[in-house]
Amino acid sequence: SHDRRAEVIDWLGGLLPEFDLPLDSSDEELREYLIDGTALCYTADKLMPGVLEGVWGGYASDHRSNVKKFLSVIAEMGLPGFSVKDLEEGSMSSIVECLLALRDNVSAGLGENMSNYAAKTPSRPVAPVSTPGRRSPGEDRRRGLWDAKSPQRSPLLSGQKANEVFQFKRGQYTDLPAAKISEMIQSNSLDNAPTQSLLRVVNGILDESIERKRGEIPHRVVYLLRNVVQEIEHRISIQAEHIRNQNSIIKTREDKYRSKIKALETLVNGTNEENEMAINRLELVKVEKSKIDERRKIGEQDMVRLMREKENAENTVTNLQQEIQVMSRMFEEYREQMEEKTSQMEEHLTLRAKEAEFLLTQSKKRVEEVETASELQSQLWSKKANTFRSFMDNQKLSIKDIRISSQSIKQEMFALQMKWRDEISNIGLDLKGLVDAAENYHGVLAENQKLFNEVQELKGNIRVYCRVRPFLPGQDGKSTAVDYIGENGEILISNPSKQGKDGYRMFKFNKIFNTHVSQAEVFSDIQPLIRSVLDGFNVCIFAYGQTGSGKTYTMSGPGKSKEDWGVNYRALNDLFDISLKRRNTFSYEVEVQMVEIYNEQVRDLLSNDIAQKRNTRYLEYFST
Ligand code: ADP
Ligand code: MG
């Protein structure tokens, strides 16, 4: 690559008068020279004058577009180009190869004397010109300079000539001589002419043909036109090919960039996720920090509180210490007092001990005195015992006397007992007589009973009594229906609604109880029947009458006083009375039943069931 670079430097040195790099210059030195594109444009302009100005609009201000213009010329010629990036910072070898290809192409075109090398050989491989051996830079430069200025070998002059060949004024084409046209067609001026010039020729010919209404255009001009159009077609096809190549290159690059963009997008996504995670973590850390701050605040508050408490404790401690001091002082005083007191007490006790000793001696003396006194007493007691003994002897004698007299009394008693026994046996005999008499009494009693009940039977087994109720308070006392009550149970009832005989009616009962008759009087006629019950006869008492006629009054009574008692109470009272009187001879069991018959239904009036006795009694019945 070093040799190839030296070749290019050699060639450029010959071509451009201001180019003065030494042959052994580095890649970077060459890059510095070529980077702004002007040297490249000069080269192109020198090799093919007007090629940049005519087709591509001349030099541009910035270096990149200069380089691009040069590259487009190279591309148009079908030579291998290079990337702008390589020129700016990459390998210089592609630039070196491009320039050498340009050199070889231009020199080959001249050497072979080809009229349209670009059209016929668009990508013709060009053998590099060998530069065997080492040559001094000066020699190379001279050679290069000579090469550049040589009119035979430089395409620069022929290009200029071609340009001049196509400079016409309007309305001249038809008048062109055949020689001039053949020069234009045959020479390589057609190839070297800028496309703009060729188009100007075509337009000019067509304008002239329009202006000349008879359409008389010479054959030679038509021929020129065809050649020019062919040349233009050819160039267009080359450009199209080139554009296609460029398109494919651009497409592959686009694909590359797309994949790169995708990679970058995934990277960006990844970094976004990481960012989010980092933000989350940051927030967590913030929350933690706020918590820690709160805890720290609480801790500080606790500290303050504890400090205060400590101060309080210290205060209490000092207070307690002072109290302790006071207490210890008090205790000291108290101890001293106590010591004093104990000493006093000791003195007092010694005094008391002495007193006690004194008392002891005194009491000893007293004991002696008592002992003497007791001796005297014992003498006295022995005297008394003697007198008692003599008294006892007297007593014994008198007891003997008493025994003798008691024995005599016993004998008397025995005699009396014997006498009583005799008398009692006599009484037994008398009693036998009495028992016989009593047995006779029982017999008489039974006969009495029999007779009593026979009397009752004679009075009638069924008896019907009538009781007339007095008027109730508020009733008209004058409108009584009872006209007359006879002695033997007759009663005359008047009926004022009927006349004559039918106005009166006579009834006969066993007995009539008038209005003034008391409860006791009513019962007096029933009383004998109660005795019959206890003698074993069955008795039944009925009360019969319409509601309000006085059944309950007669049977139970209006009140609880003894006078108010009705037949029921009085009968039971007599039953228990008689059974009590006869309790030595008979024992009775009493059962009581009380029922009512109302609407032919029997009801137990003593039942606890309220429903049983609720209704008004129409007929009352009592039995034992
Ligand atoms: P009953 O039981 O037949 O329906 P009561 O015995 O209840 O009738 O008598 C009805 C009313 O007549 C009661 O106020 C009662 O005190 C009164 N009465 C019934 N008989 C007499 C009487 N002999 N003397 C006074 N008042 C009586
Ligand atoms: Mg009643």
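Here the Cβ of each residue, glycine as well, is placed from N, Cα and C on the backbone.
Just so you know, TrEMBL annotations are computer predictions that nobody has curated.
Record features, source TrEMBL:
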BINDING   GLY545, GLN546, THR547, GLY548, SER549, GLY550, LYS551, THR552  ATP binding site
COMPBIAS  136-146  compositional bias 'Basic and acidic residues'
DOMAIN    2-107  domain 'Calponin-homology (CH)'
DOMAIN    461-624  domain 'Kinesin motor'
REGION    117-157  region 'Disordered'
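Taking a Cβ cut-off of under 6 Å from any atom of ligand 1, the binding-site residues GLN546, GLY548, GLY550, THR552 reduce to GLY548, GLY550, THR552.
For ligand 2, the nearby binding-site residues are LYS551, THR552; that is, of GLY545, GLY548, SER549, LYS551, THR552, these have a C-beta under 6 Å from one of its atoms. Of all Cβ atoms in the protein chains displayed, 16 besides its own lie within 10 Å of the Cβ of GLY550 (ATP binding site). Each of the binding-site residues GLY545, GLY548 was scored by the number of other CB atoms within 10 A of its CB, and the lowest score belongs to GLY548. Residue counts for the domain 'Calponin-homology (CH)' (2-107) by DSSP state, with H, G and I taken as helix and E and B as strand, are 72 helix, 0 strand, 34 coil. Note: the ATP site is recorded as GLY545, GLN546, THR547, GLY548, SER549, GLY550, LYS551, THR552; in the same chain, ARG469, TYR553 also have Cβ atoms within 8 Å of that site's Cβ centroid. Comparing Cβ neighbour counts within 10 Å across the binding-site residues THR547, THR552, the minimum falls on THR547. Across the domain 'Kinesin motor' (461-624), mean pLDDT in this model comes to 84. Comparing the binding-site residues GLN546, SER549 by how many other C-beta atoms lie within 10 angstroms of each C-beta, the top residue is SER549. For LYS551 (ATP binding site), the count of additional Cβ atoms within 10 Å of its Cβ stands at 22 [all protein chains shown].
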